[in-house]
Amino acid sequence: MVETRLIDGKAFAEGMRARLKEDVAAFVRETGVTPGLAVVLVGEDPASAVYVRNKGKQTVEAGMASLEHKLPADTPQDEVLALVRALNADSSVHGILVQLPLPASIDAQAVLATIDPAKDVDGFHVVNAGRLAVGLDALVPCTPLGCVMLLKDVLGSLAGLEAVVVGRSNIVGKPLAQLLLREDATVTIAHSRTRDLPGVCRRADILIGAVGRPEMIRGDWIKPGATVIDVGINRVAGVDGKARLVGDVAFDEAQGIAGAITPVPGGVGPMTIACLLANTLTAAKRQVGAD
Ligand code: GUN
């Protein structure tokens with residue numbers, strides 16, 4: 001039985017944001033430009049509203065400008081596209097984030113495709129996804145970037161390690177696999193159709209849950225000593241009837257088996273916003289030619 005180390009993403013993200021605040025201040029001094037992040041929220045998804053509020057607060061705390069555009073759920077797609085085009089053309093806006101999910105009446109891919117790739121701080125535009133895939137400089141999706149930062153902090157080099165990513169989304173699973181490959185890990189993307197998923201997971205030195213299914217990954221799917229990163233944030237009813245957040249990994253069962261694991265909340269979640277702020281500063285630097 002091993003002692004399982006808790007990976008404190010909250011503390012790591014706080015350190016990142018403190019360093020970033022200094023970098024933003026230096027950038028503003030040198031260029032006279034304040035980096036601006038525009039967030040577009042369509043509709044009233046409660047989880048999205050919480051994310052957007054936190055993003056706005058932390059953007060301002062880092063010394064950057066936060067511009068929020070809240071549109072009703074029945075906004076026609078053309079209006080959303082027109083707003084994105086206006087933000088593309090606005091030189092005070094260096095980063096654009098359209099909060100997902102969008103209402104079903106709006107084609108999310110059409111909206112993402114309209115964002116100027118240079119301002120695409122989420123890294124969801126096909127140009128950035130493609131640049132990441134072929135190893136060019138890209139704006140990289142924030143949650144996968146945060147996962148790899150935590151992994152490198154725990155493990156140092158990831159070279160040659162077996163990494164299994166459970167989940168194949170465009171937002172997390174696929175870009176995370178690319179980033180792990182860039183770190184010379186041996187990468188498997190597993191998903192709901194994978195045969196013998198527990199057996200595949202048991203091979204992993206690095207096991208990542210990114211499926212959005214509460215506690216799907218059980219303790220006995222984890223190789224002893226493995227580093228486990230839990231991207232899931234699932235709201236479930238607790239025994240007392242109150243809602244509580246759980247990850248994609250059965251956290252209690254992982255104790256004494258995993259070498260290290262991220263908690264939910266307080267693991268990957270805080271890293272996402274810290275990486276978003278870092279991407280916004282990177283985008284601003286490139287746009288003013290100060291990179
Ligand atoms: N919804 C959940 N996570 C994210 C994210 O990282 N970016 C955007 N735009 N929407 C999200």
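Glycine too: its Cβ is placed from the backbone N, Cα and C atoms.
Owing to the predicted nature of the structure, the values given are computational and were not obtained by experimental measurement.
The domain 'Tetrahydrofolate dehydrogenase/cyclohydrolase catalytic' annotation in TrEMBL covers 7-122.
As annotated by TrEMBL, domain 'Tetrahydrofolate dehydrogenase/cyclohydrolase NAD(P)-binding' applies to 141-287.
With a 10 A radius on its CB, Arg168 (NADP(+) binding site) counts 18 other CB atoms from all the protein chains. Residues annotated as NADP(+) binding site in TrEMBL: Gly167, Arg168, Ser169, Ile233.
Across the domain 'Tetrahydrofolate dehydrogenase/cyclohydrolase NAD(P)-binding' (141-287), the prediction's mean pLDDT works out to 97. Note on Ser169 (NADP(+) binding site): other Cβ atoms within 10 Å of its Cβ, all shown chains, come to 17. Here NADP(+) is bound by Gly167, Arg168, Ser169, Ile233 per the record. The longest Cα to Cα distance in that group is 16 Å. Ile233 (NADP(+) binding site) falls within neither a helix nor a strand when secondary structure is assigned with DSSP, and so counts as coil.
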